[in-house]
Amino acid sequence: MDAQEKKYDASAITVLEGLQAVRERPGMYIGDTGVTGLHHLVYEVVDNSIDEAMAGFCTEVVVRILEDGGISVSDNGRGIPVQIHEKESAKQGREISALEVVLTVLHAGGKFDKDSYKVSGGLHGVGVSCVNALSEKFIANVFKDGQAYSMEFSKGAPLTALQVLGSTDKRGTEILFYPDPTVFSTCVFDRAILMKRLRELAFLNRGITIIFEDDRDAGFDKVTFFYEGGIQSFVSYLNQNKESLFPTPIYIQGSKRGDDGDIEFEAALQWNSGYSELIYSYANNIPTRQGGTHLTGFSTALTRAVNSYIKSHNLAKSDKLSLTGEDIREGLVAIVSVKVPNPQFEGQTKQKLGNSDVGSVAQQISGEVLTTFFEENPQIAKTIVDKVFVAAQAREAAKRARELTIRKSALDSARLPGKLVDCLEKDPEKCEMYIVEGDSAGGSAKQGRDRRFQAILPIRGKILNVEKARLQKIFQNQEIGSIIAALGCGIGTDNFNLSKLRYKRVIIMTDADVDGSHIRTLLLTFFYRHMSALIENGCVYIAQPPLYRVSKKKDFRYILSEKEMDGYLLNLGTRESRVVFDDTARELEGTALESFVNLILEVESFIIALEKRAIPFSEFLDMFRDGAYPLYYYPPESGKQGGNYLYSNEEKEAAVAANEEAAARIIELYKASAFEEIQHNLNEYGYDIRHYLHPKGTGITVSTEDSKTPNYTCYTLKEVIDYLKGLGRKGIEIQRYKGLGEMNADQLWDTTMNPEQRTLVRVSLKDAVEADHIFTMLMGEEVPPRREFIESHALSIRMSNLDI
């Protein structure tokens, strides 16, 4: 579009109505006040920047989680207008800037002005003002027309007037906000959730750069999302680690007149050799999880185009075999995206697009492009058709296998499916089913359970890897058949019915070893691929059986993990100890000693983060130069040896200036501020980070109240931690459980099944795209990506966690 169509100033800001209800009923505007609503605040601010990009005025967005938990979103767009808004000023009887209008008045913004934004993701116009209303602290910085402006708010009310900060070369808007803890159940942002959405936006808006940073974690590298190929790159990303039937995704793009203006439609699609259908649809960058007219139009056109090609080229295999849309979409990965001037969504959460004109536009554009593509690429078309017929034959075979399974289940209903031991309660809301690894553990679980509401289904060995199997084979697998029959809700897209689920909680309980982890992963793969609604509705849980039982005299406790065990031993060892620094005679005990120990643990966390980047700590220490440790690592090009350490931002900038590709390859080893704080705190005790491994010269003497334990001098910080853990082990008996079968029924009940004491982890789907990527890589046919993943993460594994 022409960037000069209309000047974007205060006159472009249109007000529809006023604000107060947001704080009283926040759920009406952001969905809820839990984790979902919290992250929705960030999306609302980012959407404004994306709208600028869609209008052609913004190329970069930076999203940062601040060290103190706040959020910063900045862009290089035009900047929110700051002039006096005449209409609202007259209405309120005072001079009010357009910036204040945008941030304090509901349904105010440039998106209602058709010349300022042709298309916008924020349909309801409540976005940024809603974020302001629900923030304890909110700061807007605007860089516009050579001047920098700032304004601060709290809970939607201005704390300062619009301030002019001075001249600037920057342009754009920066929003900083801190969610109000009196509104939200949690104010802790999950970077995985944010990264999922930012990745989506970068794919959907070709050419925009979105940078994500997390200042809370010294070991986290900033992530840059940039995809020149747009949704074609999105499909390639989704098909990564899968065997694609042809190299480049088919791209569909077109624009046609709709009821309210031009509708821009685009789609990208590619088949792979797998059996799962994966289609994501979007309207104005908003995920439409329930589809809508754009997806229906695309799917209809796809089915017609394939059937038409088969008919016109006499490729039908059999008159008796009829093809369905499901057959055509087996192994299909597709992205469908539409830009609509006036989108009509069903409900505030915008899950489904309802514009009828969009459906016909999507169908027409898709049909034209696909028909032409198949005619111009007969080899690809034949490959697709061959797969479609194999899918149809497999569907018929799976249908027969399903019917056989249903008949067999009906005949065997008197003894229940598999080895299921059912509960007495019949209300699914009150019932739970444990899927237990092995007959031995299953026996203990049966004896230890509360038979009123707990059912037990033992499974034998590793179940089928459904990532590599068609439905026909899945139905023939005895263990999976038992799970399907026990749950009672069916399987797949067409035959799954959540209302028929017999247990509201499905709990996976496996051993705390490698085999147990493998079985758990196989089960999760099955649920994700064929009963994903169970995960989406929070019905799948993972039991947390203890790894250790520690006892001291008559007292005992259970410990879930190696990390918890280390903390427990360290706490015991520290509790009755005293340390003396030999060079200064400084003494520490009680809370003062705990603070010193926690500081050493911070050093250990720093080392772990460093070694996750494949930088051994000893090598890092050896690179100390001119009073400084390296801040960045510049790895060599693929297949070459060497690599350079960079000690400052200036050295990094010089490397990027010499080679633009360096920007993507240079690794930030740590956050300088966090490292400096650790060093400063160590200096308070007369130590440095290198003393974690290398002796200082003088030692730290540890003594205890136990007269039978002699004093011991440690010469490194690591030795202090190891010795205190050793003291913690004295006088206690430690039993490590390798399997559930090692616990008797009472122990299993007390630790893993008693609702009053147990720990369950609910399986959630924060990022469906990344979940698909991981399941494909770890459980799919392709070996090289799995090997690369294992090799790249090998340094992240602590030897103490290996089950050898």
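For all residues, glycine too, the Cβ spot is worked out from N, Cα and C.
Residues or ranges marked as Mg(2+) 1 binding site in Swiss-Prot: Glu437, Asp511. A strand conformation is recorded for Glu437 (Mg(2+) 1 binding site) in the three-state DSSP classification. Counting only same-chain residues at least 6 apart in sequence, those with a Cβ under 8 Å from the Cβ of Glu437 (Mg(2+) 1 binding site) are Pro458, Ile459, Met509, Thr510, Asp511, Asp515, Gly516, Ile519, Leu740.
Following the DSSP three-state reduction, the secondary structure of Asp513 (Mg(2+) 2 binding site) is coil. As annotated by Swiss-Prot, Mg(2+) 2 binding site applies to Asp511, Asp513.
Per Swiss-Prot, the feature domain 'Toprim' maps to 431-546; the stated evidence is sequence analysis.
All protein chains considered, the CB of Lys462 (site 'Interaction with DNA') has 14 other CB atoms within 10 Å. The site 'Interaction with DNA' feature in Swiss-Prot is assigned to Lys462 (among others); the stated evidence is sequence analysis.
In the structure as shown, the Cβ atom of Asn465 (site 'Interaction with DNA') sits within 10 Å of 15 other Cβ atoms. Per Swiss-Prot, site 'Interaction with DNA' is recorded for Asn465 (among others), and the stated evidence type is sequence analysis.
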Position of peak Cβ density within 10 Å, selected from the binding-site residues Asp511, Asp513: Asp511
Counts of helix, strand and coil residues, the domain 'Toprim' (431-546), according to DSSP: 58 helix, 21 strand, 37 coil
